[in-house]
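Beneath this line is the structure, given in structure tokens, with notes to follow.
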Amino acid sequence: MVMDTRGRLVAGSHNRNEFVLINADEIGRIKSVQELSGQKCQICGDEVEITVDGELFVACNECAFPVCRTCYEYERKEGSQSCPQCKTRYKRLKGSPRVEGDEEEDEFDDLEHEFDYINNDAQNASGTPFVHSGNAGSTGFTTSSTHDSSFRVPETSLLTYDEEDSQISYDNNAIILPPHGTSAPSVHYRPMVPEKDIALYGYGSVAWKDRMEEWKKRKNDKLQVVKHDGGDELDPDLPMMDEGRQPLSRKKPISPSKINPYRMIIILRLVVLGLFFHYRILHPVPDAYGLWITSVICEIWFAVSWILDQFPKWYPIERETYLDRLSLRYEKEGKPSELADIDIFVSTVDPMKEPPLITANTVLSILAVDYPVDKVACYMSDDGAAMLTFEALRETSEFARKWVPFCKKFNIEPRAPEWYFSQKIDYLKDKVHPAFVGERRAMKREYEEFKVRINSLVAMAEKVPEDGWTMHDGTPWPGNNVRDHPGMIQVFLGDEGLPDVEGNLLPRLVYVSREKRPGFEHHKKAGAMNSLIRVSAVMSNAPYLLNVDCDHYINNSKALREAMCFMMDPTSGKKVCYVQFPQRFDGIDRHDRYSNRNVVFFDINMKGLDGLQGPIYVGTGCVFRRQALYGFDAPAKKKSPSKTCNCWPKWCCLCCGPRNNKRGKTKKDKKKKSKHRDASKQIHALEAIEEGIEETKIITPLISQEKLEKKFGQSPVFVASTLQQDGGVLKDVNSLSLLKEASHVISCGYEDKTEWGKEVGWIYGSVTEDILTGFKMHCHGWRSVYCIPKRPAFKGSAPINLSDRLHQVLRWALGSVEIFMSKHCPIWYGYGGGLNWLERLSYINSVIYPWTSIPLIVYCTLPAICLLTGKFIVPEISNYASIIFMALFISIAATGVLEMQWGGVPIDDWWRNEQFWVIGGVSAHFFALFQGLLKVLAGVSTNFTVTSKGGDDGAFSELYLFKWTSLLIPPITLLLLNIVAVVAGVANAINNGYDSWGPLFGKLFFAIWVIMHLYPFLKGLMGKQDRVPTVIIIWSILLTSIMTLLWVRINPFVSRDGPILEICGLNCDD
């Protein structure tokens, strides 16, 4: 079909015989159909048209629910006159006839269309032909708002209102496209097909009304197309895609009844703090000036620290995911799954401190996850190059062939066998499969045999042969020298591996141990994770990554789907760099003596950050977007076409006059529009639609290959993989070449002179690489998401022993000190990027909290000094001061209570967190500060001890295990010092009489406050009830003797001015 369009573009749909005629001179450039609208009507499925002002048609100004103009007009005339989504009544827009119930609107004068419905009805009643005026999506053709004067709508009866006109023959034109600028049209046409054209173009036809009635009926039934909790089979005629088009997640703000009082208390506490410091500074203590100024400095630091911790919790939110919508959108019946691929990283170092059985359970839970097997790949990083880990992984892969089909057949939870078989629940509940009991018993026997094999490997590895380990074929193990060995890669399962016992494919399982040579810096865990990024990009190149510690198994088999509800959400997922899950733990005693669960941080602080730019990265249980780890910036935020002046109130509109007035456009906008008048940029939209051309999701490199290699390293395969936004392995490379390339990217010198660890991957420079990595992503404009499923996604082992717990906290604090002393400190780094200012406060708090140990130790010492010297840090308290102090204590307590309320944290967990904040602050944080300063300023490197994971010597057996460490010295000293001071103060008051008890109460209050916070530490020192460690007895005797001598030297029983002599009145000379 040839047509003279005079430079105009004809676009349309071949299947629906629809065409769009676009005047290039009118709009500046020809746009494709997708560029013109980009949205489809949620009622009829047609595209939402463009208005005469060049804006996307918006029916509802409240929620911008996509509805075309035809459906909008029908809904106003014969429907409910309200938006299907938010139920807000439709307002009359310009060009729309007035209907009953319309309010008087002064925004525009539209008398021309005031009574169009009446005219239309009258025309149809008299048999006058009804002709559409050219709305896109509702008629056969659409033109711009202003046509050439020679363009006339033909006076031919095309379509009638209620039925086909009997006078129209089959040969009459259904759609006419007259050439531009001619008065006598010579056109090519197609015959009208009544059964098609009336339904598609006949506004108000019988078919149209029937469809609208059916739609309203389905809407009234709330489109129950997805079974959430089981039930009867669904009607196959229901529109299942309606649910699939909905968002995959939603925010759940905290109830105003909880959050508003919380914010009011915070403001009130700020006011009270101001009054408190006003009183403290203006009322010094002359006879104890040193104690007074020291206490004021400490209190100012505590106030600043509280502000940094408090205000990032100003906008706490919760989130909810819709797994059924995810399946409807990406897992259509009869088609391959469209869910994205995920590479899962598991890291381990020393199998003697991280038991292989725990690591094996983590790997088994990953292989049995509820996700398409061809889209999951598990990479195990063995940074210790231990043959024990390698052989244990081989045994795990063999057992997985039996375990994985069992898990998926009976849908069990959790899918880590050690924790599944140790559950004290009725495993027959909700299991009606007749073969379940027998297969469960058989599987338990298989697992017990598997444990025996793993434990035998551990026992064998305790004694290393003199010549080193040898493999089954007699080859020496390449990793016999831990500090000097080549890179090792072994694929156990996957495309080339063995299937399970039922013949089904298993997820890929790969063992990786990066090359290590003397003289190279390997950057500990961060370097191992970066090696996994590169090797996985070469072998599978999934667009998303999940990293877990070796002791964190997947407790919820749908955890990956939970993360994909955020990552793959078409509306908000593009800017999400990672989805962080909270850490939950097994094997902790009921009282959680050392706050191992850390629920205040995970259930309060992280929810607060999620309302800002997202939670910080905590090192495990996190799903990443690979492109974000490559150091790319977040996608630029584009203004949605619906976010026009129609969506905002009239008072905040920057335009002058009516909302869609063209006069509101500035000269700058007109200049920008004129720049697009280049005819070479016109797009042939009709050809693109008919050939099914889709937008390629490959990042076009704006820099040369040489610069890319300087950034990512000298690997062409890996560099090419970084440009693929949706992942995927290069198809023109064979498996042998990929394996060689994978060995190349884990070599020890690969990162030299690149940006790995600086801008790409896990960031180096701190032992807590997690905080630094997440901080860099947020500085690039990305946001993160905090996901808390009803069933915890991951569970791990926590060090319940006091010494191990303190060493763990020491490592975290040391990393914060290193970040504070580096160029990446959030106090001065990352300005001008995309970091939210409240998010910055949170990062600042995360790196300066070890410095709080100094004022905390000093402040915990002040009560003892006051009791031993008889002086105090405040003068005699007046009524005004008493009111201020009481208001401060009440506001502190009220803040904690309200946080517990909206965070769902029990009061005992909150109190344990407060206690361990003091214990860790006066011990681990102080030593971390000392070690960090030595490392940065003097170059003295310190190594942290890998925390021991759970053992099998009985429930809570490690709780009473005592290990001496220098971290225990400061809290022991503070504890004994305050106990001795309390005894001395009470003895002094008894000796001096009734008047000395008043000033004593304030001093006793602060001393008892210190002792109460150190009480769990005291219980940890005692060990079991029937024994006390000898070293504790020695330290107690030594410190008590020192305090006693100091007390005797001060001599509190004698007046400070010497003994008072009085005349008795007796004559001794007689």
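Every residue, even glycine, has its Cβ placed from backbone N, Cα and C.
Segment annotation: TrEMBL labels transmembrane segment over residues 915-934 (candidates 295-314, 915-934). For D549 (Mn(2+) binding site), the nearest of the binding-site residues S347, K353, E354, D383, K524 in terms of C-alpha separation is S347. Sequence-remote contacts of a segment are chain residues at least 6 beyond its ends whose Cβ falls under 8 Å from one of its Cβ atoms, and for the transmembrane segment (996-1018) they are 593-594, 802, 860, 862-864, 866-867, 872, 874, 877, 912, 914-916, 918-919, 971, 974-975, 978-979, 981-982, 985-986, 988-989. Contact counts against the transmembrane segment (967-990), taken as Cβ pairs under 8 Å, peak for 848-868 among the stretches 848-868, 880-903, 915-934. K353 (UDP-alpha-D-glucose binding site) has a Cβ environment of 13 other Cβ atoms inside 10 Å.
Spacing of S347 (UDP-alpha-D-glucose binding site) relative to K525 (Mn(2+) binding site) is 8 Å (Cα to Cα, whole number). The sparsest Cβ neighbourhood within 10 Å, among the listed binding-site residues (K524, K525), is found at K524. If you average pLDDT over the domain 'RING-type' (41-87) in this model, you get 79. The UDP-alpha-D-glucose site in the record is lined by S347, K353, E354, D383, K524, and its two most distant CA atoms lie 16 Å apart. If one looks beyond the transmembrane segment (915-934) by at least 6 residues along the same chain, the residues whose Cβ comes under 8 Å of a Cβ in the stretch are 594-595, 806-807, 809-814, 816-818, 820-821, 849-854, 856-857, 860, 940, 942, 966-968, 970-971, 974, 1010, 1012-1017. Spatial neighbours are here defined as Cα atoms within 10 angstroms of one another, and by that definition the neighbours of K525 (Mn(2+) binding site) among the binding-site residues K353, E354, D383 are D383.
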